[in-house]
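Worksheet: one structure, shown below.
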Amino acid sequence: MDGGLTALQERLKHSFSDTRLLQLALTHRSFSADHNERLEFLGDSVLNLAVSHLLYTRLSALPEGDLSRVRANLVKQDTLHRLALELQLSPLLRLGEGEARSGGPNRPSILADALEALIGAVYLDAGFSAAEALVRRLYESVEINPRMDAVAKDPKTELQEWLQGHKMKLPVYRVAATLGAAHKQTFDVECEVPELGLRERGIGGSRRAGEQAAAAAMLIRLKARGAA
């Protein structure tokens with residue numbers, strides 16, 4: 001098996017009995033007619049149930065409406081994108097040549113969908129208990145509390161507040177490249193924290209979305225350094 005897939009299984013703490021499921025979960029529709037969208041559909045349901053169970057047990061005093069609000073925040077694309085970055089899924093995605101050239105490996109929607117597909121693949125490979133255990137491991141790095149807003153702080157705001165809290169200047173964003181046809185452009189944006197000598201890139205369907213993706217990548221970098 002490819003070394004990258006072996007390392008991914010170690011990060012997931014799940015060894016696939018059927019490695020074809022793992023490969024399928026990482027296959028975008030631009031790569032093959034046999035792609036991950038059905039697994040994504042399944043994984044979305046498994047994720048929602050696993051997160052619902054997690055919240056039901058952890059936030060036992062919270063009423064239904066508030067549980068739904070917190071769950072919506074935990075399963076939205078921004079959260080899944082950041083978890084996918086932590087798992088280092090980008091270089092393992094199987095994308096068509098055009099999608100790969102236009103920034104697909106770093107596109108938040110593609111990464112979030114692949115994460116859901118992975119959860120679906122674990123469910124088919126080993127059942128709900130294994131999939132739920134994976135979800136709980138993934139969310140160990142996510143702060144869960146009853147006051148989580150329906151729309152949580154976006155990555156740019158979170159990064160800005162962290163830098164200000166550490167008496168550092170605001171990050172610098174610049175468009176490194178504009179990719180794709182004029183009617184379907186994607187923006188490759190660089191986020192730089194000069195005082196730390198750090199740069200990260202992000203891809204989005206607009207400049208703002210690219211900045212958010214780059215900020216999310218920077219937060220992951222800071223977390224890996226033990227800073228954030």
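Note that Cβ sites are derived from N, Cα and C of the backbone, with glycine treated the same way.
The Mg(2+) site in Swiss-Prot is built from Asp113, Glu116 plus one of Glu40, Glu64, Glu161, namely Glu40. Distance noted between the C-alpha atoms of Glu116 (active site) and Glu40 (Mg(2+) binding site) is 5 Å. Over the domain 'RNase III' (5-127) the predicted model carries a mean pLDDT of 93. Within 8 Å of the centroid defined by the CB atoms of Glu40, Asp113, Glu116, the record's Mg(2+) site, lie the Cβ atoms of Asn36, Glu37, Leu39, Phe41, Gly43, Asp44, Ala112, Ala114, Leu115, Ala117, Gly120, excluding the listed residues themselves.
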